[in-house]
2 protein chains.
Amino acid sequence: MTGPLTRKPTLAVVGATGAVGAVMLQILSQRADVWGEIRLLASPRSAGRKLAVRGAEVEVTALTEDAFDGVDVAMFDVPDEVAAEWAPIAVARGAVVVDNSAAFRLDPEVPLVVPEVNPHAARIRPRGIIANPNCTTLTMIVALGALHAEFGLRELVVSSYQAVSGAGRAGVDTLRAQLSLVADTELGTSPGDVRRAVGENTGPFPEPVALNVVPWAGSLREDGWSSEEMKVRDESRKILGLPKLPVAVTCVRVPVVTTHSLTVHARFQGEVTVDGAREILATAPGVVLYDDPAAGEFPTPADVVGTDPTWVGRVRRALDDPTALELFVCGDNLRKGAALNTAQIAELVVAERSGH
Amino acid sequence: MTGPLTRKPTLAVVGATGAVGAVMLQILSQRADVWGEIRLLASPRSAGRKLAVRGAEVEVTALTEDAFDGVDVAMFDVPDEVAAEWAPIAVARGAVVVDNSAAFRLDPEVPLVVPEVNPHAARIRPRGIIANPNCTTLTMIVALGALHAEFGLRELVVSSYQAVSGAGRAGVDTLRAQLSLVADTELGTSPGDVRRAVGENTGPFPEPVALNVVPWAGSLREDGWSSEEMKVRDESRKILGLPKLPVAVTCVRVPVVTTHSLTVHARFQGEVTVDGAREILATAPGVVLYDDPAAGEFPTPADVVGTDPTWVGRVRRALDDPTALELFVCGDNLRKGAALNTAQIAELVVAERSGH
């Protein structure tokens, strides 16, 4: 996309058959119809499948260099190494790439964009690539961006309750298979009984996830940190423009299908009030404040799944620190955590070319 | 118990038929046999049931004043209001009470005891009552007590992943019933689908707990805090002897049967090292260090359930604060979190009377 368009732009969805791809097709059918042609690309073994988008069947074609000819924007949801190889090819063929892998997120020449927080960053993209943040970062960053704009963020301590679909279709299949094995049993009461029932069927997880929580996501980084924890720290700093923000994270997988939850202890530059925080959260775009424990109101994954916003509840000021807030946030990891934010970024690119 | 005993002491277990009571009977059968007679007391509707303890059947008798005659130590695991009424009665009849309700925990004339952390506090009990901490506090306090003794604790930020048995048998029954309804389905992917499948069957929880996490435990306190969160803060301060320790807690229920997990961000007086922390945790009584992510080793509830110690993994120094450690801890909430710690306190009382 090198100038104003006289036609509706062509979109390529790369990785259309994955868990995020499926949600992307739903989202493209629901949002304002800014796209002309939509091409669905995937690995050769998925080529020929037909998927519904905007009410029509579209045939999936294999990912090739030529497939990007005439494409204005290409959304990628593929493994890191596939994105690293193919995103520059798409750019060379004239597309702006919006990539949901980790391949480019920390590249200083690639903006990392959350439209509610740093939309203007999308305009400066020396490599023709815009990166979409990790789903765990996206669960909290819209709400934190709004609070930061008012109060000035000084420190974060975060714990995650991550859904299995963060590990893709294999994660969901694994949980469902394990639940079939443990439901209608007395398991979960003696050491290793769940592990024995589940056997080798742990799928992408290092331990059983049914009737369990697993304090690990991603691969091992230095000093005992997981890649997922490092992503939350590094990406939050980049999106918020706070390269030295102290961020401590522990990522834990829980037996939830879709929607990540996070507890957040956020310390700010000065004193904060709960009323002030609630007012910001209640009016921030993309955020729903759902916080009335007396009425039984706080977000849970079972209610948030399938919705677009970040839901925030349990807003409290730390009892021993007037500069800190406690939050419980939920967000659909396949929608805002992945497909929706990618679609929003792609729409920013279209709007920019339209002169908006 | 007012002097040295020439016979083995008599123990009363009040609330013998509950979830914690059942585990208490197992524990009494497993530990060194310091007790003479063991009486099992419960509400009149449970009287006449026979339960196994130390290999013999013992008939449950109704809770009456006379039932405490001749009792040296009475362990209570009953609702707060029952404990508030009956513990003083047991004391008046000559028993030392070890109470696992919240009724007396913050009473300045009642010590709150964790034998690995503050055993000597058990000796000063003006009311004849010793309180056992809440299960969530107990999940972390043995490990934190050991670290505090070396490094000097300055702040805690804690998030919980609490098992349903913390809400008693009703909690376990509710999760199992809900799992039967959601296993072998495609639930968990659209807003409210789990809630509709579960219907009114949420038992002691405000929301469905299968395929979900629920950021609420206990009752509503001031400023949006839950009673469970306040317990963790207030009890940790009392046990550690740090009445002004800043403690921020968010308590979340997860679909695990038994064993609470916590993420802990602990800040200390000065710089800490991971090696130093690991050495302390590896040698602390009641703690198992299980922390080798490269080998897939970190504690999870499925492996910890049914065991006595506090398991600690994911030990990391905060990347941006050399005075802070991150931990993931697991402990069986019915054993160390309730029955075991109660039994250990009762044994302290016996040892004291024996002149140990």
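Just so you know, glycine gets a Cβ as well, placed from its N, Cα and C.
What TrEMBL annotates here:
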- B:CYS135: active site, acyl-thioester intermediate (ACT_SITE)
- B:HIS260: active site, proton acceptor (ACT_SITE)
- B:THR17, B:GLY18, B:ALA19, B:VAL20, B:ARG45, B:SER46, B:SER165, B:GLY166, B:ASN333: NADP(+) binding site (BINDING)
- B:ARG105: phosphate binding site (BINDING)
- B:GLN162, B:ARG253: substrate binding site (BINDING)
- B:10-125: domain 'Semialdehyde dehydrogenase NAD-binding' (DOMAIN)
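Structural mapping of features recorded in TrEMBL.
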| residue | record | contacts (Cβ under 8 Å, 6+ apart) |
| --- | --- | --- |
| B:THR17 | NADP(+) binding site | B:LEU40, B:ALA42, B:SER43, B:SER46, B:ARG49, B:LEU51, B:VAL60 |
| B:ALA19 | NADP(+) binding site | B:SER165, B:GLY168, B:ARG169, B:VAL172, B:LEU334 |
| B:ARG45 | NADP(+) binding site | none |
| B:ARG105 | phosphate binding site | B:LEU112, B:ALA131, B:PRO133, B:ASN134, B:LYS231, B:ASP234, B:GLU235, B:LYS238 |
| B:CYS135 | active site, acyl-thioester intermediate | B:GLY166, B:HIS260, B:ASN333, B:LEU334, B:GLY337, B:ALA338 |
| B:GLN162 | substrate binding site | B:THR136, B:ALA217, B:GLU228, B:CYS251, B:VAL252, B:ARG253, B:VAL254, B:VAL256, B:HIS260, B:ASN333 |
For NADP(+), whose listed binding residues are B:THR17, B:GLY18, B:ALA19, B:VAL20, B:ARG45, B:SER46, B:SER165, B:GLY166, B:ASN333, the greatest C-alpha pairwise distance in Å: 26
Integer average pLDDT (0 to 100) for the domain 'Semialdehyde dehydrogenase NAD-binding' (B:10-125): 96
Helix, strand and coil residues within the domain 'Semialdehyde dehydrogenase NAD-binding' (B:10-125) as assigned by DSSP: 36 helix, 29 strand, 51 coil
Sparsest-packed among the recorded positions, when each Cβ's other Cβ atoms within 10 Å are tallied, from B:ARG253, B:HIS260: B:ARG253
Secondary structure of B:CYS135 (active site, acyl-thioester intermediate) (DSSP, helix/strand/coil): helix
B:ASN333 (NADP(+) binding site), number of other Cβ atoms within 10 Å: 30
Cβ neighbours of B:SER165 (NADP(+) binding site) where a neighbour is any other Cβ within 10 Å: 28
